[in-house]
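S.K.: Okay, here's the structure, questions in a sec.
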Amino acid sequence: MLDKVTDINDLQKRARRRVPRMFYDYADSGSWSEGTYRDNTDAFSRIKLRQRVAVDIDNRSVRTQMIGQDVSMPVALAPVGMTGMQHPDGEIAAARAAEKFGVPFTLSTMSVCSIETVAQATTKPFWFQLYVMRDREFAEALINRAKAAKCSALVLTLDLQILAQRHKDIKNGLSAPPKPTLANILNLAFKPQWCFGMLGTTNRSFGNVVGHAKGVSDMSSLSEWTHEQFDPTLNWESIAWIKKRWDGPLILKGINDVEDARIAADIGADAIIVSNHGGRQLDGAAASIDMLAPIVDAVGDRIEVHFDSGIRSGQDIFKAIALGAKSTYIGRAFIYGLGAAGEAGVTKALDILHKELDLTMALCGETDIANVGHHNLLNPPSTARKTLQAKSATKRKTPAKPKATAARPTSRKQTSAKSRAS
Ligand SMILES: Cc1cc2nc3c(=O)[nH]c(=O)nc-3n(C[C@H](O)[C@H](O)[C@H](O)COP(=O)(O)O)c2cc1C
């Protein structure tokens, strides 16, 4: 059924056909004009790679580590709210696909399946993403639940203290379960597989919240709670409070500015994710890939730098790694796979990205992802150019060794983060 699927675009087309419009649009949208959403992907296409030939490219590896944990490629599944509305029990399907593929799955606070439900359905630790709520007791309880479920990293999202406006969600009357408007009922009539699947599961609301947060026992109290609860007072001091309670690997998500990256590194997190929330928060913000090199330049020797926003192919992953990211996350790329075909669709998305990454690396003349760096880019960032010039000047002064191969810059500046037990 997925034989004819050759890229993430194909999965997106299938997801559009299978997922109710309200939930498909929820994924395929950015805030306001969607300018930053579009720019996230456009910016990748402006980056050009150096094609290298006549290099032995047999025996390649894209295996690496994220915060000291082994991964089969530099990719994790990003936290995505309401994943279980793209496909019945979507969080379980995605977590299982990630587990089998050997990459981390990150469960959103705003997931449909709860932390405990996903833990029961999987065998390896997954990561948990925390939105800090005004109700700090609830936030603390979430942290404790993630610990009890043996989550091996906490991803703390910093770029959603308040929700930006996404026009499509308002127009569609987005809610879980869908509002029974005439337009939505008509739309559901054309999505029979999704409807039957939903009838077969009890996971249809926000599993981490309903029955856990004060005063939220059903869907109607939930929507009011959600809007009131995102904490606009969240600040750098709050992070120290969370760090103390979590006491495990901590990743700060939503850094898109050099100054913020410096503060994040000072706080002593294990990694940051350079991200603009996939263009869903500040419309007009820079494409995250354009912010990656300056951020790596500023803090890459002190903290592990991860990246998301706009990845739709293995070439995009390669470019992010070449610009200094230790690893990447995918949001829509796996969500489209999930909407298209559940667990098999997520596996297909991961397969596609793995293959594209491996082939791109080979055609750039590299065999190990650890050696990919600025030298693989046709127009490396200006900071990198200085480093490369300095390196080649030193090389020229050094007497040539017998049988030396052509000088190639060493791997990127980024050092791997201190390993911590997972
Ligand atoms: C439908 C959707 C829901 C999301 N929900 C969350 C969330 O609950 N928590 C979070 O930290 N990020 C959330 N994000 C942002 C993703 O984690 C990630 O930053 C983004 O999807 C990366 O961009 P990409 O989709 O272009 O890969 C969401 C993204 C999408 C598309």
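For all residues, glycine too, the Cβ spot is worked out from N, Cα and C.
Pasting the relevant annotations from TrEMBL:
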{"type": "DOMAIN", "residues": "1-382", "note": "domain 'FMN hydroxy acid dehydrogenase'"}
{"type": "BINDING", "residues": "TYR26, TYR131, ARG166, HIS277, ARG280", "note": "glyoxylate binding site"}
{"type": "BINDING", "residues": "79-81, SER108, GLN129, THR157, LYS253, SER275, 308-312, 331-332", "note": "FMN binding site"}
{"type": "ACT_SITE", "residues": "HIS277", "note": "active site, proton acceptor"}
{"type": "REGION", "residues": "374-422", "note": "region 'Disordered'"}
{"type": "COMPBIAS", "residues": "412-422", "note": "compositional bias 'Polar residues'"}
S.K.: Between any two of TYR26, TYR131, ARG166, HIS277, ARG280, the residues recorded as binding glyoxylate, what is the biggest Cα to Cα distance in Å?
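M.R.: Across TYR26, TYR131, ARG166, HIS277, ARG280, the two farthest Cα atoms sit 19 Å apart.
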S.K.: Hey, what's the Cβ neighbour count for LYS253 (FMN binding site) at 10 Å?
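M.R.: Counting Cβ neighbours of LYS253 (FMN binding site) within 10 Å gives 25.
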S.K.: Return the residue, from the listed binding-site residues HIS277, ARG280, ARG312, with the maximum count of other C-beta atoms within 10 angstroms of its C-beta.
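M.R.: Neighbour-count leader: HIS277.
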S.K.: With respect to ligand 1, which members of the binding-site residues GLY81, GLN129, ARG166, HIS277, ARG332 satisfy a Cβ distance under 6 angstroms to one of its atoms?
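M.R.: Going through GLY81, GLN129, ARG166, HIS277, ARG332 in sequence order, those close to ligand 1 turn out to be GLY81, GLN129, HIS277, ARG332.
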S.K.: Using Cβ-Cβ distances, find the residues under 8 Å from ASP308 (FMN binding site) that belong to the same chain and are at least 6 apart in sequence, listing them in sequence order.
M.R.: ALA78, LYS253, ILE273, VAL274, SER275, GLY278, SER288, THR328, TYR329, ILE330, GLY331
S.K.: With DSSP assignments reduced to helix, strand and coil, which class does ARG332 (FMN binding site) get?
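M.R.: Assignment for ARG332 (FMN binding site) reads helix.
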S.K.: Could you tell me which three-state DSSP class TYR131 (glyoxylate binding site) falls into?
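M.R.: The residue in question, TYR131 (glyoxylate binding site), is coil (DSSP, three-state).
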S.K.: May I ask which residues of the same chain, at least 6 positions away in sequence, place their Cβ under 8 angstroms from the Cβ of GLY81 (FMN binding site)?
M.R.: SER108, THR109, MET110, SER111
S.K.: For TYR26 (glyoxylate binding site), what is the tally of other C-beta atoms lying within 10 angstroms of its C-beta?
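M.R.: There are 23 of them.
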